[in-house]
């Protein structure tokens, strides 16, 4: 496996508490991402280096672009919503409220759950999974998380149950296979994915516990045009690339960031890997002085040019349709 190092200087030297969900918009050459802990959506225009922030009343855990409309579909604590491309009138003291499109009223004693990471499937539908509230412990045997799918015509349906802490999701180029991360179990699983959204034939793709304690916990992921999987490693200070056979062939080490959260391919040539990170405190280790000093840039956003590493560009999917007319309450 080849090892390279992230640049000392990040793309954006900020201190997100929980930076996540980077998405590249090639038409505007803008990187969008969220800070879940601060209920913020960030926009960074690469050519001008202009950075703006939208402030919301609730946490936004995942954003994805819409295909024929401006703005985003997003996962928020209680369900799914549409966000405008910008919310310029918002501020830290005047936050934009969330107008839920699909409100998840969970009636099965899982009131401690909120929505987490998500992705657009090959048919343009949005999938996102639940997780235990931030800050609460998740026993390894507690597997109550559920993956939901929202279609362009509205409504949400359960896709997969019994997960621990679902995170990064991604499809192969032909749409036949989906990868789903379970951070609680430190595994990335692989499923056959049909055009109607059915998952079958589950198999183990990677168990990161075999990589040793320094390997970290798999978090967000993205696939390139050759179906290599780039997995961000929480508590691992690295991104690991796996071939379609599950072999680690490249790792990108961050010398000044500890919790690597998510990744995105973009940039002018589509070969730049954008990487979000989180504060050391997000892994429950904020009291460890040695970690705080060593990883003092945790929370920044990096850009690593991988054109020389054989990266084939690939764009993420976009949400198709308007999600149906009007908001609805889904008994999820």
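The backbone N, Cα and C atoms fix where each Cβ goes, glycine too.
What TrEMBL records for this protein:
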- 219: active site, proton donor/acceptor (ACT_SITE)
- 20, 167, 219: divalent metal cation binding site (BINDING)
- 116: substrate binding site (BINDING)
- 18-278: domain 'SMP-30/Gluconolactonase/LRE-like region' (DOMAIN)
Taking the centre of the Cβ atoms of 20, 167, 219 as the divalent metal cation site, the remaining residues of that chain with Cβ inside 8 Å are 116, 117, 168, 181, 183, 220, 232, 234, 261, 262
Quick check on the binding-site residues: of 116, 167, whose CB has the lowest count of neighbouring CB atoms inside 10 Å? 116
Distance [Cα-Cα, Å, rounded] between residue 116 (substrate binding site) and residue 20 (divalent metal cation binding site): 10
Measuring Cα to Cα, how many Å separate residue 20 (divalent metal cation binding site) from the residue listed as 'active site, proton donor/acceptor'? 10
Could you pull the average pLDDT for the domain 'SMP-30/Gluconolactonase/LRE-like region' (18-278)? 92
Sorry to bug you, but what's the C-alpha spacing from residue 167 (divalent metal cation binding site) to residue 219 (active site, proton donor/acceptor), rounded to the closest Å? 6
